[in-house]
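Pulled from Swiss-Prot, these are the features on record:
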- 220: active site, acyl-thioester intermediate (ACT_SITE)
- 89, 90, 91, 92, 93, 94, 95, 96, 189, 190, 191, 202, 203, 204: substrate binding site (BINDING)
- 50-277: domain 'BPL/LPL catalytic' (DOMAIN)
- 186: site 'Lowers pKa of active site Cys' (SITE)
C-alpha cells in the first residue's frame, strides 16, 4: 500500500512566505511531497518566470531514522522496530519523532539573495535566538549559565555551560574552550538539499522527545555525541497556551509550551526571510 500524507494546514505569513503544518507525519510521504512541490516550483519559475511563495513546513514525525547522503550504515548501532529511511538531504544519520520540532525550508534562495552558507547560518542563528530566549526566561539558577551556540566544525546547535559561573574552582585546560565554556551536548540538527537554487529538508529541535531513540545511532555520525532536549533545561508543557501577541514569558509564568516555542521560531525565521534580522558573525571554530 503506498504511503499517503494528510492535507497540510496552510497559513500565510506574508506574500512571500507561508507555513504548512502536519502532525503524525509519515516520513516517506512527506519527503515525496516536499520533492514534488520543489520540482513544481522550479518548473513554474523556469517555464513561466513565476515566483511562488516560499514555504516553511512545521512537521511532527512518526518515529523514523533517516540516513543522509553522507550516512554510513556503521553509524546505526542497534536495529530496532523503527524504520530506517535513506534520504537525499545532507548530513548523516539522525532520528525524528514526537516531541521533536521539525521545520522544512522550501525556499527559493536566489529570490531572497541567500547563499547556501547564508541559509545554514540563518537556521542555526534562529535556533540560537529562540533557545537562548527560552533559557533566559526561566530565570533559573540551574540554567542561567547555559547558552545555545552553533559550531563551524559541526553543523547544528549545541548547549554550552559557562564554567566561570558554575563553579569557583578553576577547570582544567582540557575541559574547556578558551572562552571558559564547555559543550554539554547537541540540541538541534540540520540538513538541507539544494536543487536548482531551491532548498528543501531543514532543521530538527529536540523539545520534549524521548532521547533514548538516539542511543541506537551515532547522531550525525559522531560517536558518543550527547543529545539534549529543551525540556531538561526549562519547564515545558505541550498544552496549547500561547500568550496574547506572543509576548515573552514573564517571571510569574515560567512554563513554556510547545506552541510558544514553535511560534517564536516561526517569527524569527520569517523576519530573517524578510531581511529584518541580519546574520551575526559566524561562530568561532
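Even glycines carry a Cβ here, placed using N, Cα and C.
Confidence over the domain 'BPL/LPL catalytic' (50-277), given as mean pLDDT on the 0 to 100 scale, stands at 86.
Rounded to the nearest whole angstrom, the C-alpha distance between residue 95 (substrate binding site) and residue 186 (site 'Lowers pKa of active site Cys') is 13. Between the alpha carbons (Cα) of residue 91 (substrate binding site) and residue 186 (site 'Lowers pKa of active site Cys') lies a span of roughly 15 Å. Just so you know, the Cβ of residue 95 (substrate binding site) picks up 25 other Cβ atoms within 10 Å once every protein chain is counted. Following the DSSP three-state reduction, the secondary structure of residue 191 (substrate binding site) is strand. The two recorded residues, residue 93 (substrate binding site) and residue 186 (site 'Lowers pKa of active site Cys'), have Cα atoms 14 Å apart.
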